[in-house]
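Feature annotations, reproduced from Swiss-Prot:
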- 2: N-myristoyl glycine (LIPID)
- 31-66: domain 'EF-hand 1' (DOMAIN)
- 67-102: domain 'EF-hand 2' (DOMAIN)
- 104-139: domain 'EF-hand 3' (DOMAIN)
- 140: site 'Involved in dimerization' (SITE)
- 148-183: domain 'EF-hand 4' (DOMAIN)
- 161, 163, 165, 167, 172: Ca(2+) binding site (BINDING)
């Protein structure tokens, strides 16, 4: 099969121009092109339609498309900016940009808040935090007693709920997260800064074979 130059990326792949995505995110053009290779692998793992479905997202995270996990579901829902049940390439790049090492801390804090705000009410309630703690433990294959989980929730609210109204608002979350940077360690993926090293340079420089699109 023939090959197309990176200038034909948008037309051939029917995805947004890498230059536009680079301008709107922390990624460079070459990093966006490298992410397209990753996007293709994920979006063709099950349905092969050029879109990432929840099962493919689960498979990429856990090597298991049937594993139920609130954490993975929340990440998928936040990546699905158009709320249509799938993730296209533009959504993939824009959302993944949050995890870039050079993305401002404030953006990471805001994303983490939305992650924990399960009901979308604009605040984090005790039940939501409890559910997310359990999900994160499950994702890490860790087990804590219910009493230990409640202690984590209690301590978090004791430190974060400054006005003691039983919920954590965005400003309280920002203050709490700024004082507890370990809370955001999962909001940074160091390899994204070196994503261009993952794939062959000839792919990044100019060519993507049509048979892979």
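Glycine is treated like the rest: Cβ placed from N, Cα and C.
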Message: Quick check on the binding-site residues 161, 165: which one has the highest count of other Cβ atoms within 10 Å of its Cβ?
response: 161
- prompt: Within 8 Å of the Cβ centroid of the Ca(2+) site residues 161, 163, 165, 167, 172, which other residues of the same chain have their Cβ?
  reply: 123, 157, 160, 162, 164, 166, 168, 169
Query: Counting only other Cβ atoms and using a 10 Å cut-off, which of the recorded positions 140, 172 scores lowest?
result: 140
- request: Using C-alpha atoms only, work out the spacing between residue 165 (Ca(2+) binding site) and residue 140 (site 'Involved in dimerization') and round it to an integer in Å.
  value: 31
Field: Neighbouring C-beta atoms (10 Å sphere around the C-beta of residue 163 (Ca(2+) binding site))
entry: 10
Message: Rounded to a whole angstrom, what is the C-alpha distance between residue 161 (Ca(2+) binding site) and residue 140 (site 'Involved in dimerization')?
response: 26
Task: Work out how many Å separate residue 167 (Ca(2+) binding site) and residue 140 (site 'Involved in dimerization') at their Cα atoms, rounded off.
output: 26
- request: Across all the protein chains here, work out how many other Cβ atoms are within 10 Å of the Cβ of residue 167 (Ca(2+) binding site).
  value: 19
Segment confidence, the domain 'EF-hand 4' (148-183), expressed as mean pLDDT: 97
Statement: Across the domain 'EF-hand 3' (104-139), DSSP labelling yields 26 helix, 2 strand, 8 coil
Message: Between residue 140 (site 'Involved in dimerization') and residue 172 (Ca(2+) binding site), how many Å separate their Cα atoms?
response: 27
